[in-house]
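Beneath this line is the structure, given in structure tokens, with notes to follow.
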Amino acid sequence: MEDRMVSASYKNEDFDVEHSLRPEKLSEYIGQDKVKEKLSIFTKAAKMRNEALDHVLLYGPPGLGKTTLANIIAREMGGTLKVTSGPAIERPGDMAAILTSLNDYDVLFIDEIHRLNRTVEEIMYPAMEDNVLDIVIGKGAAAKSIRLDLPKFTLIGATTRVGLLTSPLRDRFGVLSAMEFYNEDELKEIILRSSKILGVVTTEEAAFEIARRSRGTPRIANRLLKRVRDYCDVKGDGVIDINIAKNALSLLEIDGEGFDKIDNKILEAIIDNFKGGPVGLETLAYFIGEELDTIQDVYEPYLLQKGFIVRMPRGRKATEKAYRHLKREFKEQTKLT
């Protein structure tokens, strides 16, 4: 999975390009209009009252701009962004150290917040509700509890699996926002903006071609733009036009739907090996040699959103659209029931 060009999961190579292309204001942020409107109103209201923004939960597939929004919020609130992840915070003491290092209006961004362990999560409750940290010093009969005041901070949690959050944690977020896949026009705008920052000329037609193969995900769009730029530097004349874009994307083996070999392997398995489905995700993951979480978090959301598979009580089933994509005959008995 790490080598997939169209994986929305974060890669090391994404750091420099994302940092350089990242918008610094909500007004510069393309797409996610409903999320932006809410955050714009709530940040302005918080600043008018000299309060920290209420805690924010951003959920949805990876690569849609959660970290970018956290950066913008920290900048808008006049604080510093501190970034960590659920798996990285192993003990309550780790979380206590992070919380006590914050200053007023700082933003603590926790990626994969659904993976916080329960003991760590529990010390977050008073921190989120009352800006206090309860810690226990000593053991046994000599143990005593100390309450520390915390600065006015904002916790931004990000997750691809909102259903795995416990109710007590989820209920302590004042702002819950679903991040949605981007449409092709939004991605085209992102690609044209990124092209200017990178100093490369990209035609609108070429930008749209890259956009429609970017799986609705800005991270993938910017990654593909970098690879098309490489191709253009070697094979072109300095301008990314439609032919350069198509040839580069063909070389990367990304088809017109934004699918690579793995996506097509999933569809082929459902149709050719399981008669169109339904087939359980565990069985499917085993058959194609991927982890169950990878299927659920990385591949399935886009296939569902594009209408190539559907969820059924007994598993996943390929749609007529998937049959057409693979040039398979869609027989009457394979229709969805």
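Easy rule for this one: first residue shown is 1, then count along the chain.
Glycine residues also receive a Cβ, built from the backbone N, Cα and C atoms like all the rest.
If you look up Swiss-Prot, you'll see 1-182 marked as region 'Large ATPase domain (RuvB-L)', on the strength of sequence analysis. The ATP binding site annotation in Swiss-Prot covers LEU21, ARG22, GLY63, LYS66, THR67, THR68, ARG172, TYR182, ARG219. If you look up Swiss-Prot, you'll see THR67 marked as Mg(2+) binding site, on the strength of sequence analysis. Annotation comment: Swiss-Prot describes 183-253 as region 'Small ATPAse domain (RuvB-S)', evidence class sequence analysis. Sequence annotations record features per position, and here Swiss-Prot assigns region 'Head domain (RuvB-H)' to 256-337. Positions annotated as DNA binding site by Swiss-Prot: ARG311, ARG316.
Structural mapping of features recorded in Swiss-Prot.
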residue: LEU21; record: ATP binding site; DSSP (3 states): helix
residue: GLY63; record: ATP binding site; DSSP (3 states): coil
residue: ARG172; record: ATP binding site; DSSP (3 states): coil
residue: ARG219; record: ATP binding site; DSSP (3 states): helix
residue: ARG311; record: DNA binding site; DSSP (3 states): strand
residue: ARG316; record: DNA binding site; DSSP (3 states): strand
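Here the Cα atom of GLY63 (ATP binding site) is found 24 Å from that of ARG316 (DNA binding site).
The ATP site in the record is lined by LEU21, ARG22, GLY63, LYS66, THR67, THR68, ARG172, TYR182, ARG219, and its two most distant CA atoms lie 32 Å apart. Taken through DSSP, the region 'Head domain (RuvB-H)' (256-337) splits into 44 helix, 9 strand, 29 coil. ARG219 (ATP binding site) and ARG316 (DNA binding site) are 27 Å apart (CA-CA, integer value).
Across the structure, ARG219 (ATP binding site) and ARG311 (DNA binding site) are spaced 26 Å apart at their Cα atoms. Put plainly, the binding-site residues ARG311, ARG316 were compared by Cβ crowding within 10 Å, and the winner is ARG316.
ARG219 (ATP binding site): 24 other CB atoms within 10 A of its CB, across all protein chains. Around LEU21 (ATP binding site), taking its Cβ as the centre, 19 other Cβ atoms fall within 10 Å, counting all chains. Taking the binding-site residues GLY63, THR67, ARG172 in turn and counting surrounding C-beta atoms within 10 angstroms, the largest count is reached at GLY63.
In the predicted model, the region 'Head domain (RuvB-H)' (256-337) shows an average pLDDT of 89.
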